[in-house]
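Have a look at the structure below, then the notes.
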Amino acid sequence: MEPAGPAPGRLGPLLFCLLLSASCFCAGASGKELKVTQADKSVSVAAGDSATLNCTVSSLTPVGPIKWFKGEGQNRSPIYSFIGGEHFPRITNVSDATKRNNMDFSICISNVTPEDAGTYYCVKFQKGIVEPDTEIKSGGGTTLYVLAKPSSPEVSGPDSRGSPGQTVNFTCKSYGFSPRNITLKWLKDGKELSHLETTISSKSNVSYNISSTVSVKLSPEDIHSRVICEVAHVTLEGRPLNGTANFSNIIRVSPTLKITQQPLTPASQVNLTCQVQKFYPKALQLNWLENGNLSRTDKPEHFTDNRDGTYNYTSLFLVNSSAHREDVVFTCQVEHDSQPAITENHTVRAFAHSSSGGSMETIPDNNAYYNWNVFIGVGVACALLVVLLMAALYLLRIKQKKAKGSTSSTRLHEPEKNAREITQIQDTNDINDITYADLNLPKEKKPAPRVPEPNNHTEYASIETGKLPRPEDTLTYADLDMVHLNRAQPTPKPEPSFSEYASVQVQRK
């Protein structure tokens, strides 16, 4: 009797167990021999280029697919599979699929972006009959570095302007560079700054950003200054990128005020000048106040440039002094760059008004300027006094010359006083026999000696009287209207006489 065979219903499970045991044995035996090799530990490419990731296996058994993953562990993500039917944009198989027993499973990533940076793994799977494929071997991984250039540095300053003496911060930022290594430094007018803080951040270790802040103390000379943020990276090939910021955009220099005046004009007007000096920027409004009341507003458009970058502005204000009978305070008020107004005062003091009109005296706030005006006034007064004195002396001298040239005096001298000069006396008892008249003619400058001329003459005067004088008369006056001058040829003399006499002969009855 032949033994009975296995029941038909039990044959299926038995075959399945045998096949499973054989598969496990074959997998164990071949697992010891299978090798997955990724020859390149790292690959670096520039953004936009293509990157090739190599992978080879030592055996095609056990049967199962090969897949590529980015990352490892639970966070890894599949990027490519050699099983047909799946589509992966930008990734292609670079192996020769027509080659028999092809063991090359390399891939190529085109148009690489910084987000593609990371570590990639080539993994061998064993195909499962019932269960999913099982990972049996992985390569060592290839790190992809995307060489991304940093963006141009962006430099920003404070939101509002600062004054000299204040400390302000500048910030420099650059984005999207890879790898992480980067160098950043600050320069001011060619000199490197040291007070800075720099941080580097990344987004999933794909690309990096850098931010740096530097502190600078402002000075009045910084209007023409600027700061430079310099970034150096391997992708720049020795040509660093620069970002700049000008101090002229963040500095404010407040003006100084000075009021001066010119002397009072004949039209009773005073010219006041407000000098606004060394300010920056140009944003300026000037107001003239009269005793606190707005009188005029200037919004200048033309300025005087200084070498240090600041500006000057001068405003003129004409004051009609005759319209004021009391002291007036004029104020120069300046509003600069939306800052609180600064002021400078100037007092104009009224003089006592006369019937012909009034006048005013300007009293500057500056004592030195006032003293200078006093010195000028004293000097002018002294000069006028000297001129008046010289004019008076000149007029007096002219008057004396006219008096000498237009008048002459004739006087009769008593004979007793001139007795020694009389050559002949007719009667000693009559004192009125002969009377001499002294003609004091104006003396002229003594002329230079010259040769006597034959026409030199002597002048005589004869006086006729109608009656005899009384004995008691001692003086006889001669009316010049009765004097007749006769010319006669005199004997030449070596030198002319300076006194002329007229002999008068009185006839007796």
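Glycine residues also receive a Cβ, built from the backbone N, Cα and C atoms like all the rest.
For 500-509, the entry in Swiss-Prot reads compositional bias 'Polar residues'. Annotated domain 'Ig-like C1-type 1' per Swiss-Prot: 150-248, in sequence order. The domain 'Ig-like C1-type 2' annotation in Swiss-Prot covers 255-349. For N54, N93, N169, N181, N205, N209, N242, N246, N271, N312, N320, N345 (among others), the entry in Swiss-Prot reads N-linked glycosylation site. Here Swiss-Prot flags Y436, Y460, Y477, Y501 as phosphotyrosine. The motif 'SH2-binding' annotation in Swiss-Prot covers 436-439, 460-463, 477-480, 501-504. What Swiss-Prot records for 1-31 is signal peptide, and it gives experimental evidence as the kind of evidence. Summarising the annotation, Swiss-Prot assigns topological domain 'Cytoplasmic' to 395-509.
The two recorded residues, N320 (N-linked glycosylation site) and N271 (N-linked glycosylation site), show a Cα separation of 9 Å. Cα spacing between N169 (N-linked glycosylation site) and N345 (N-linked glycosylation site): 38 Å, rounded to the nearest whole number. Secondary structure of the domain 'Ig-like C1-type 2' (255-349) per DSSP, as helix, strand and coil residue counts: 3 helix, 60 strand, 32 coil. Cα to Cα, N345 (N-linked glycosylation site) and N181 (N-linked glycosylation site) are separated by 62 Å. Mean pLDDT for the domain 'Ig-like C1-type 2' (255-349) in this predicted model: 90. Long-range Cβ contacts of N246 (N-linked glycosylation site) within its own chain (separation 6+, distance under 8 Å): S225, R226.
Under DSSP, N181 (N-linked glycosylation site) is assigned to coil, being neither helix nor strand in the three-state scheme.
Distance between Cα atoms for N54 (N-linked glycosylation site) and N93 (N-linked glycosylation site): 10 Å, as a whole number. The separation of N271 (N-linked glycosylation site) from N93 (N-linked glycosylation site), Cα to Cα, is 92 Å. Of the recorded residues, N312 (N-linked glycosylation site) and N209 (N-linked glycosylation site) place their C-alpha atoms 45 Å from one another. When the alpha carbons of N209 (N-linked glycosylation site) and N242 (N-linked glycosylation site) are compared, the span between them is 16 angstrom. Taking the glycosylation sites N54, N169, N209, N271, N320 in turn, the residue surrounded by the fewest other Cβ atoms inside 10 Å of its Cβ turns out to be N320. Taken residue by residue with DSSP, N93 (N-linked glycosylation site) is part of a strand. N242 (N-linked glycosylation site) sits 53 Å from N271 (N-linked glycosylation site), taking the C-alpha atoms as the reference points. Comparing N181 (N-linked glycosylation site) with N271 (N-linked glycosylation site), their Cα atoms are 68 Å apart once rounded.
Residue counts for the domain 'Ig-like C1-type 1' (150-248) under DSSP, split into helix (H, G, I), strand (E, B) and coil, are 10 helix, 56 strand, 33 coil.
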